[in-house]
C-alpha cells in the first residue's frame with residue numbers, strides 16, 4: 001500500500017513538472033491558478049484525504065487576508081485546492097524538494113524568522129498585494145501544531161489588513177478519522193519531523209478527512225492585537 005502510494009505521488013510530481021515546463025507558460029494567470037489548484041486537489045485524492053467545506057466563501061472574494069491554524073505541510077494544498085491564494089511561509093519552505101517549487105509557483109511570500117524586522121517588511125509586501133486585489137493566507141501561530149488545539153496568534157502580520165484597509169477571513173482546518181469523527185494527528189508536521197516521515201504517517205493512516213471551516217469576515221479597522229484575538233477566537237469556535 002505504501003509503495004503504491006509513493007509511486008502515485010512520484011507520477012503526480014512528474015506530471016506536474018511536465019505541465020509546468022510545457023503547458024504552464026502558455027496559460028494566462030487564471031488558467032495557471034486552475035492548473036495548480038487541480039494539482040493540489042489531485043494530491044489530496046492520491047493521499048486519500050477527503051476535503052469537506054463548512055461555511056460560505058464571500059461573494060466578493062478579492063483583497064482578503066485568510067488566517068488559518070497550522071497543522072501540516074498539507075494545509076497549503078488543502079486551501080489551494082479550494083481557491084487560489086498566495087501564502088506567507090517560512091523561508092526554509094523554499095528549499096524543500098517539490099513542495100518548495102510549488103510554493104514558488106503560487107507566488108508565496110517567504111519570511112525569515114531569524115532576521116529582525118523582516119516580518120515588518122513582509123507585512124508591507126502583503127499590504128501592497130492586498131490593495132492590488134490578491135488573496136493571501138497566513139498561519140499566525142508561527143509554527144505547526146498537532147492539531148488538537150490552536151496556539152495563540154502572533155499579531156505582527158495582521159498589520160497588513162489595517163494598512164490596506166481590507167478584510168480578514170478566519171478559516172479553521174481540522175483533520176479527522178472518517179470512522180470515529182475524532183481529530184487525527186496523522187498529518188501533523190511538528191518538531192524535528194522530516195517531510196518523508198510526515199508523508200509516511202499520512203499514508204499509513206489513510207483514509208482521512210479534512211474540514212475547512214470558513215468564518216465571518218472581520219474588517220481591518222481595529223488594532224492588530226484585537227484583530228488577531230478576534231480571528232483566533234473564531235477559529236477556536238469553528239473547530240468545536
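Any Cβ shown, glycine's included, is placed from N, Cα and C.
TrEMBL labels come from automatic prediction, so no person has curated them.
If you look up TrEMBL, you'll see 64-176 marked as domain 'Phospholipid/glycerol acyltransferase'.
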Restricting attention to the domain 'Phospholipid/glycerol acyltransferase' (64-176), give the mean pLDDT. 92
By DSSP, what is the split of the domain 'Phospholipid/glycerol acyltransferase' (64-176) into helix, strand and coil residues? 43 helix, 26 strand, 44 coil
